[in-house]
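The block underneath contains the structure these notes are about, expressed in structure tokens.
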Amino acid sequence: MALSTVESFVAQQLELLELERDAEVEERRSWQEHSSLKELQSRGVCLLKLQVSSQCTGLYGQRLVTFEPRKLGPVVVLPSNSFTSGDIVGLYDANESSQLATGVLTRITQKSVTVAFDESHDFQLNLDRENTYRLLKLANDVTYKRLKKALMTLKKYHSGPASSLIDVLLGGSSPSPTTEIPPFTFYNTALDPSQKEAVSFALAQKEVAIIHGPPGTGKTTTVVEIILQAVKQGLKILCCAPSNVAVDNLVERLALCKKRILRLGHPARLLESAQQHSLDAVLARSDNAQIVADIRKDIDQVFGKNKKTQDKREKSNFRNEIKLLRKELKEREEAAIVQSLTAADVVLATNTGASSDGPLKLLPENHFDVVVVDECAQALEASCWIPLLKAPKCILAGDHRQLPPTTISHKAALAGLSRSLMERLVEKHGAGAVRMLTVQYRMHQAITRWASEAMYHGQLTAHPSVAGHLLKDLPGVADTEETSVPLLLIDTAGCGLLELDEEDSQSKGNPGEVRLVTLHIQALVDAGVHAGDIAVIAPYNLQVDLLRQSLSNKHPELEIKSVDGFQGREKEAVILTFVRSNRKGEVGFLAEDRRINVAVTRARRHVAVICDSRTVNNHAFLKTLVDYFTEHGEVRTAFEYLDDIVPENYTHEGSQGHSHAPKPRGPVTSIRKPTNEQENGQEARAAAGQGRRKPNERPPGSQVHSQPSSGARGCDRTGAIDRTEHFRAMIEGFVASKESQLEFPASLSSHDRLLVHQIAEEHGLRHDSTGEGKARHITVSRKSPAGSGGVAPQLPSPPSPAQAEPEPLSQQPLGQPHCSTQLDLKALHLQRLQRQQGSQAQPAKAQPGVGLHPQKTQQKKKKKETKGPALPCEEDFDALVSAVIKADNTCSFAKCTASTTTLGQFCMHCSRRYCLSHHLPEIHGCGEKARAHARQMISREGVLYAGSGTRDRALDPAKRAQLQRRLDKKLGELSSQRTSKRKEKERGT
């Protein structure tokens, strides 16, 4: 390879690293100078108000201190943060700015954080359990120096074991043809064909082999098999990864295979299961351990003698003796380290831990035969070059379609710093150096199909063992609407659940989506799903905090994290809250496609996405996700959860009617979304308008038409049009016939039932959707003339009070195209009230609308209780207009019939009129919007005003002077009165 190519590559990488380093230093400086402690905590780099919960001595004499948040309430959890195991942190007293000590973070949970302090802090660090402390993440100079040193070594590398590898990796030459390898037996006989092909390919490659492992495909299993086969061939392996967690994962897997492994790194950064394989632990078990301990004891004794004596000659002798002892100690320790390193078949370390300024400097240059870099796609390319220079062959494993390397400098990332070595080589060499694992063992096939089509060119398939598994298949989990679907989309479009509009906030939150998440989790838990099997993923720290405040106390085992915290993890159910809901259509952090891929593919059996489709559809990739869930999953609107959300803003007046009704744990129904051409608001109302009731017996004289099962949900637009025309022809044939009813089979999908509802409404027919689950079917019948038998099917009239026996919602028309939005929304809420009242009805009570000739007492009772005209069944435009006008002149609060023609207040938040009893936003359900509006006004003007919220006017200067004179005069009079009284008192004495 031309020297200029290596030099230009190194120069570019050094420049990018310098930009990254400058950005990190500037960020830290800016935080310390301009950010308050609360702002630092909101950024995730500081933890405030911590108390010491326990102290103990850890491995090799280290002091482990566990901190917990100060207990001020029932929920004691740490705020959302970016701390991870291995971070260098500074400990500060809560009331002081000086740093008490520096330590290494060893463990962090939702409720506590543990820090390891060196022995040097034993006597200086006195921590009181009653005091409060804070932890601040510190910049790490060591990593930057090691990256820079590795690049300079690469620049000067002329001859050595890695010469051919450098030639291939930097583009000077193509990988050599594969060599023939002798037949071998797999340690793991359960490997699938793609995994076996990857193992054989990696062993046969001469310079480089890339294992592309999408989520759940057993990448680590494949890497372990490759390492075991290489060790069997007598090769020495250096295995690295960018994080301690990834390295320890490999340590655990290899330890089960009884191979000689050695883990390099700070003991405090290692998992407990990996600490017994650490270098310090191995040295403690070696033959030289006792000799080394004796030498250290001798050094301590000489130090003690040196302190006691005052004679200069003796002090000089003691110092010389200490030098000799230290020299002997160093020699014996290095000999023990070399012995341990050479005896190990596999040495494991992080990329930076494999640096030549560590224990590996004691080994010869050609000691290792193969370097394995796991999770290569998450590592900066410069960090990969630290281990790559130590062997002639490398095996890279990872997934460049998941999270990229983490960077701070946006400029450096755009210039190429966020582009990993694996991504660059895949684009450069393609199939000549890459083998992809194509069978995944984690996700339901519906989840797999989206990831495969969106990110992996359709090559990813689900193993039969997981292709159809659902939450309901878990032990003790009931078969419910939530546990029987792999994909669920809860759409908040048009429901007013906007993100928090805070200009000064660095993060985003959405309280409305938090409540939807809470309701869905409760539905899953009630069905028997263990909270520890559920993960909630949010893209913003503020949303994570809101979720933890709402859920952690009730479900302590529930994991709530950002996307970065779940890389490499999996859960039975995953709930994603996208947060963003705004009129500008801004998606912000969500625009990173790979983050969404990671979030969705953490789930095994169930994925629920809560988002505003109008906002996220402005991003092409997110639109494909929403469209896929719409086509292949269950779609619900937040309106279906409105019963559980709105009453929080109501007073007792609005909830008396259903105060004894059990609170529903989830939505009452779910339908698949209609075509994309429909407006989201219409979709929401149409979805919420279909209620459920028990399936009725088929009446005589009904006409039954069979319909092929529509189980294949991935239908194209042409198929949807064909089905629409088919249903239209069936209904038009029914209209022309003399049959009284037309019944459709239960094999129709929810989308097909929606089409039938719409077509029946167009023809002025009555359409009932009855039954639950797979037994749900539609019956279309002719409408009875108004007044026949004194009873007519009615829509709930907005101004009318609650009816004694409300008509089932399935008998209501799906939508009224001529009605205003106000009328639709109010009718929607009345329908929900009716559902709750209907759930309390006695079983012996006759169902409304079953017979055309009810008892006279029932007729009288219904006539007496029914107030206000009902909307006509026929499409009478004048009657509809009259109903809308009457609704506009009636209080829009549920169950209130007060007139607002003379006295009424208009709500600026929901654009409706209310009577004086319900006009306050907190009463009729606009409390959140009112508070958000008030916060916006305060944020915009920067002043919090008392009273009406108007700015206090400054007094006129002349009037102010007059008032000041009157005040001075009054004060003078009072002062003179006190003086005269004092004199009179003195005279009397």
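Any Cβ shown, glycine's included, is placed from N, Cα and C.
Note on Swiss-Prot: of 435-484, 485-534, 585-634, 885-934, the range annotated with the feature zinc finger is 885-934. Annotated ATP-binding residues in Swiss-Prot are GLY213, PRO214, PRO215, GLY216, THR217, GLY218, LYS219, THR220, TYR441, GLU570, and among GLN275, GLN402, GLN543, GLN549 the one listed with them is GLN402. Range with Swiss-Prot annotation motif 'Nuclear localization signal', chosen from 705-709, 860-864, 975-979, is 860-864. There are 21 other Cβ atoms within 10 Å of the Cβ belonging to GLN402 (ATP binding site). Nearest by CA distance to THR217 (ATP binding site), out of the binding-site residues CYS896, CYS915, HIS924, CYS926, is CYS926. When the C-alpha distances from GLU570 (ATP binding site) to the binding-site residues CYS891, CYS896, HIS924, CYS926 are tabulated, the minimum falls on CYS926. In the three-state DSSP scheme, CYS907 (Zn(2+) 2 binding site) falls into the strand class. Summarising the environment of CYS896 (Zn(2+) 1 binding site), the number of other Cβ atoms within 10 Å of its Cβ, over all protein chains shown, is 19.
Taking HIS924 (Zn(2+) 2 binding site) as the reference point, the binding-site residues whose C-alpha atoms are within 10 Å of its C-alpha, out of GLY213, PRO215, CYS896, HIS918, are HIS918. The candidate set comprises the binding-site residues CYS891, CYS907. Of these, CYS891 has the most other Cβ atoms within 10 Å.
Break the compositional bias 'Basic and acidic residues' (954-972) down by DSSP state and the numbers are 16 helix, 0 strand, 3 coil. The DSSP secondary structure for LYS219 (ATP binding site) is helix.
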